[in-house]
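For reference, TrEMBL has these:
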type	residues	note
DOMAIN	41-289	domain 'G-protein coupled receptors family 1 profile'
TRANSMEM	27-50	transmembrane segment
TRANSMEM	62-82	transmembrane segment
TRANSMEM	102-120	transmembrane segment
TRANSMEM	141-162	transmembrane segment
TRANSMEM	196-222	transmembrane segment
TRANSMEM	243-260	transmembrane segment
TRANSMEM	272-291	transmembrane segment
Amino acid sequence: MGKNVSIPSDILEIEGFKISLEFTFPVFILLLLVYSTLLFSNICVLILIIKEKSLHQPMYFLFCNLSVNDLIGNTVLLPQVMAHVISTKRFITYNQCLLQAFQSHTFGSACHMILVIMAIDRYVAICQPLRYSSIMTYKTVIGLSASAWGLSLLLVSVLIGLTVRLSRCRSFIQNAFCDNPSLFKLSCEDVSVNNIYGLFFTVLLFVFSIGTITATYIRIALICWTKKNKELNNRAIQTCTSHLILYLIMVWSGFLTIILHRFPNYPDLRKIAYILFHVVPANLNPIIYGLQTRSLRDKITQILKRKAVIST
């Protein structure tokens, strides 16, 4: 009885959310509305940026990365969560669980990386405006984007790969979705390597993104302070506010999720925090950038006016 027993079954059971019967459909409707809004807003922004030649600029191309990441990350997560909300049988295959965990962690790390290169873009635009077009070329932007996605995929591949090597002695996921900690907890083997790499992965990601973004914003603030140019200050506030709001929301929701993983007495709060980590930035991205970025806001206003004229 003391030996670990490997379970070859490919079917896993997910704990899900513990919701009383009368709240089942309201929660489902709420998640459906959130997901529908997320899809509509991000797809509309992508189509607008692709169709409007005036928006074919580095900043908007980088913003497309965020929208694509939001769409993929939430599409892998939310439909399955909604299905399990209204179902009493919450099962998932091991491979599907791995895919969901892989995409979920890729979503988080890609958010950090994309927001880092967006901060670099803003730094060049504000501090080196005359050299912006020669520095932030399409080749540079594509290279930075590819690096952000490539590094994210590499780090997450190692993270999930260390979990795949473990045998399983359990088949119950103590969560509402699949993530790496929930997966390696299925094993009765020593998971010290997983914990060490997971800590390294998290610290590297947060230190790199917080350090880089803090350094760029300090540099931007110093330039604005020394030049005392009202137009420069307004441009810095207009372009940096949206970026900083999104980053702070993502960092704090990410911190909350990581911290709650260390407190098993609050499982429901951890599940909610993880869902919010996915859906809040994804829903706010197009709204905040649409309101803060003048070119994008103007284009949306023009389209709405055009449609109003046609309808009348």
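Positions of Cβ are set from backbone N, Cα and C atoms, glycine also.
Remember, predicted model here, so these are calculated numbers, not experimental data.
Among residues of the same chain six or more beyond the transmembrane segment (196-222), those with a C-beta under 8 A of the stretch's C-beta atoms are 108-109, 112-113, 115-116, 119-120, 122-123, 126-127, 155, 158-159, 162, 180-181, 236, 240, 244, 247, 251, 254, 258.
A Cβ distance under 8 Å defines the sequence-distant neighbours of the transmembrane segment (243-260), meaning residues of its chain 6+ beyond its ends; these are 108, 111-112, 115, 118-119, 122, 202, 206, 209-210, 213, 217, 266, 269-270, 273-274, 276-277, 280-281, 284-285, 288.
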